[in-house]
């Protein structure tokens with residue numbers, strides 16, 4: 001009890017017990033360690049390995065990704081889960097990470113723990129992602145696919161027609177047409193453009 | 001007598017084996033790889049799909065038109081039909097793709113349906129992409145127009 005009281009007193013008025021220099025330096029070091037640890041933990045959750053640590057992701061969306069060009073292609077540049085599903089900007093990233101607490105809930109209560117349950121939720125899950133990409137003008141696509149660097153002479157005529165009009169004017173964004181490029185599509189009844 | 005029968009049996013079995021082996025050797029030539037099936041040969045490169053968006057001539061009136069673009073990853077299943085997101089009746093205005101022909105709306109009794117008929121749902125059963133490759137086996141197909149010209153001469 002006496003020991004606890006001493007700890008509390010020190011905590012309440014540390015400058016009585018420690019020098020100002022020690023406290024400033026100590027606070028700075030503690031801050032560095034905290035911030036470093038926080039970012040390391042954050043980045044650890046931002047890897048594909050972490051994402052497919054749950055069988056829900058590994059057996060459904062990851063397996064589906066494997067057949068697409070974003071997983072394997074001639075030049076070997078590939079997109080991992082967070083490249084498309086987690087914003088790269090810090091503020092947006094933290095916001096997305098907070099929203100992901102819903103996914104922890106889903107994991108605990110087994111919302112999509114079978115293929116059947118996953119397929120039943122597929123439309124809802126897909127719509128979440130379409131809405132997110134529509135709202136941020138397909139930012140995660142554009143992190144790699146830069147409109148200004150597109151060479152229309154190398155695209156096929158159909159692609160040029162679409163990209164030089166609807167995309168160039170900002171009337172449409174990537175996700176409006178390129179749905180289902182990395183995972184299987186849900187039932188598309190009622191989706192505009194289908 | 002018994003010994004003679006035995007010798008004949010063995011001899012005939014040997015002859016059979018030799019005949020079978022030689023026939024197999026002749027059949028074992030693979031015209032696609034241009035090698036014996038027993039040979040280890042490198043698989044030929046997968047040819048590239050023609051994707052120039054140029055309509056190709058049909059070789060006979062009923063031929064399903066071939067696809068002049070890539071269809072890698074196109075899903076056609078119970079949930080969705082990717083092809084129809086451009087080629088369906090109400091999508092062609094925006095996509096400027098050819099609409100599926102009216103026969104696709106007919107059921108097997110010839111009644112027209114509002115949507116494409118389930119029996120025409122799987123596009124790749126008839127429509128396929130093309131690759132710029134030499135035919136593996138010589139093709140003697142002759143266009144009927146050419147035949148008519150010949151018969152008129």
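Here the Cβ of each residue, glycine as well, is placed from N, Cα and C on the backbone.
When the candidates B:69, B:146 are compared with the heme c 1 site entry in TrEMBL, which names B:83, B:86, B:87, the shared residue is B:69. Annotation for residue B:86 (heme c 1 binding site): same-chain Cβ neighbours under 8 Å, separated by at least 6 residues, are B:92, B:95, B:97. Classification of residue B:123 (heme c 2 binding site) by DSSP places it within a helix. Here residue B:87 (heme c 1 binding site) is positioned 11 angstrom away from residue B:104 (heme c 2 binding site), judged by their C-alpha atoms.
Taking the mean position of the Cβ atoms of B:69, B:83, B:86, B:87 as the heme c 1 site, the remaining same-chain residues with a Cβ inside 8 Å of that point are B:67, B:82, B:84, B:85, B:95, B:97.
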